[in-house]
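Asker: My questions will all concern the structure given below.
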Amino acid sequence: MATVADIKSALENVKYPGFAKSIIEFGFVKDVQIDGSACILTLDITSSAKEVESKLREDITQTLSGIVEEVIINIKKPEEEKQQSNSTSGKNIAPHIKNFVMVSSGKGGVGKSTTTVNLAVAAAMQGKRVGILDADIYGPNIPRMMGLQGREVEVIGNKAKPFRIHGVDVMSMGSLMQEGQALIWRGAMIMKAIEQLLRDILWENLDILFIDMPPGTGDAQLTLAQSVPVTCGVNVTTPQHVALDDSRRSLDMFEKLHIPIGGIIENMSGFICPKCNEESDIFGMGTCEALAEQYNTQVLGNLPIEPAIREGGDSGKPVVYFQPESESAKRYMIASQKLIEYVDQVSDNVSNEEIQPTTPPGVSACSTAGASTQAKSSNGGGCGCH
Ligand SMILES: Nc1ncnc2c1ncn2[C@@H]1O[C@H](COP(=O)(O)OP(=O)(O)OP(=O)(O)O)[C@@H](O)[C@H]1O
């Protein structure tokens, strides 16, 4: 008569579909019981795909056929990903996430990551199920700002589990790359990385995923917008007039990509003295109002330069969560409320259909491969960029 040890040893030969490791090595076999001539197995797997379940049932039954007369297999698996997003047209590689907010800036260093973190944590504090995706492949700062530095990513099957901290699910390119590792990102690599961050991370059914983009307007923004219907974009800028020119480029990009504009955050708008709490104007304040009007959007908030914001970023303790009584925390909270209201308004009508690539599969939108010489000479480029 077979023992539990015999069954487990036989199951060492059952590979998890698509992998070299067995279901025992993965730790998916949770319970083995012998009841007379029958064996009752309980498995807990990470895939909701029907094909994975049926392949496992087939392989296990075959493997144990010479050892026991009957095999009863109970398989626990995650619920199938439900379509949460309201978009019905275009492409969506993460349909279980209801809304996507793209946080962008025209140039680096204006406080885009700081804004992403505090808006996201504020939204979670208001009862939303929130995630942060740090897609700033050139300078992923979110792990430091959320206190995740040095933490190992947990891999389940072939997917990575987001960290859960300060009420938010977080995954960053920085946690997936080795510290100090520098990559030269080229177009195709960027596209793949962005897609994988959406597809191969075990995101829960979120209300809002905040995405911290690399500064500027480039391949990452286009890929994201083509991969999921972005509910709205948030532009972060400082109030100096020179910064506003960069900001315009970022707002133009939202328009070109048919992304509704959720609003502008005017960051480093004035300085709040930590000693006397008085607010003074340094770079100019309120210059974003005209810009917002021009793009038919709103200023979500004016965030002062406040040492507590920087300290919160450096120590992994976002100001909105750890110093809720501070002036900045209150302004982030209001900005987040305004953003949630906007998201709720536009959520039903978002589509990325109009920005899907028109080039044949395998030909990048800016590659002339596949275009005839004649087309190139008459058109400039074969892909429509002249
Ligand atoms: N309102 C503020 N008051 C004080 N410090 C701030 C404020 N906003 C941002 N900072 C600080 O400025 C620095 C740059 O901010 P952050 O990393 O958020 O900018 P970024 O636009 O995301 O930069 P990058 O382009 O490098 O990703 C950080 O040290 C941050 O703590």
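Each Cβ is built from the backbone N, Cα and C atoms, and glycine gets one as well.
What TrEMBL shows for this protein is this:
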BINDING   Gly106, Lys107, Gly108, Gly109, Val110, Gly111, Lys112, Ser113  ATP binding site
COMPBIAS  365-378  compositional bias 'Polar residues'
DOMAIN    5-67  domain 'MIP18 family-like'
REGION    351-386  region 'Disordered'
Asker: Among the binding-site residues listed here, Gly108, Gly109, Gly111, whose Cβ has the fewest other Cβ atoms inside 10 Å?
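Answerer: Checked Gly108, Gly109, Gly111; of these binding-site residues, fewest Cβ neighbours within 10 Å: Gly109.
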Asker: In the domain 'MIP18 family-like' (5-67), how many residues does DSSP assign to helix, to strand and to coil?
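Answerer: So the counts come to 22 helix, 16 strand, 25 coil.
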Asker: When you measure from the Cβ of Gly106 (ATP binding site), how many other Cβ atoms are you left with inside 10 Å?
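Answerer: Excluding its own Cβ, Gly106 (ATP binding site) sees 23 Cβ atoms within 10 Å.
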Asker: Is it possible to get the count of other C-beta atoms within 10 angstroms of the C-beta of Ser113 (ATP binding site)?
Answerer: 28
Asker: So for Lys107 (ATP binding site), how many other CB atoms are inside 10 Å of its CB?
Answerer: 17
Asker: Cβ distance under 8 Å to Val110 (ATP binding site), same chain, sequence separation 6 or more: which residues?
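Answerer: When sequence neighbours closer than 6 are ignored, Val110 (ATP binding site) has Pro215, Val236, Thr237, Thr238, Ala243, Asn267, Met268 within Cβ distance under 8 Å.
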Asker: When the Cβ positions of the binding-site residues Gly106, Lys107, Gly108, Val110, Ser113 are compared with the atoms of ligand 1, which fall under 6 Å?
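Answerer: Near ligand 1, sequence order: Gly108, Val110, Ser113.
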Asker: Return one of helix, strand or coil for Gly106 (ATP binding site), based on DSSP.
Answerer: coil
Asker: Residues near the ATP site, Gly106, Lys107, Gly108, Gly109, Val110, Gly111, Lys112, Ser113 excluded, by Cβ within 8 Å of the Cβ center?
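Answerer: Sorted by sequence, the hits are Ser105, Pro215, Val236.
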Asker: CB neighbours of Lys112 (ATP binding site) within 10 A?
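Answerer: Total other Cβ atoms inside 10 Å, all chains included: 28.
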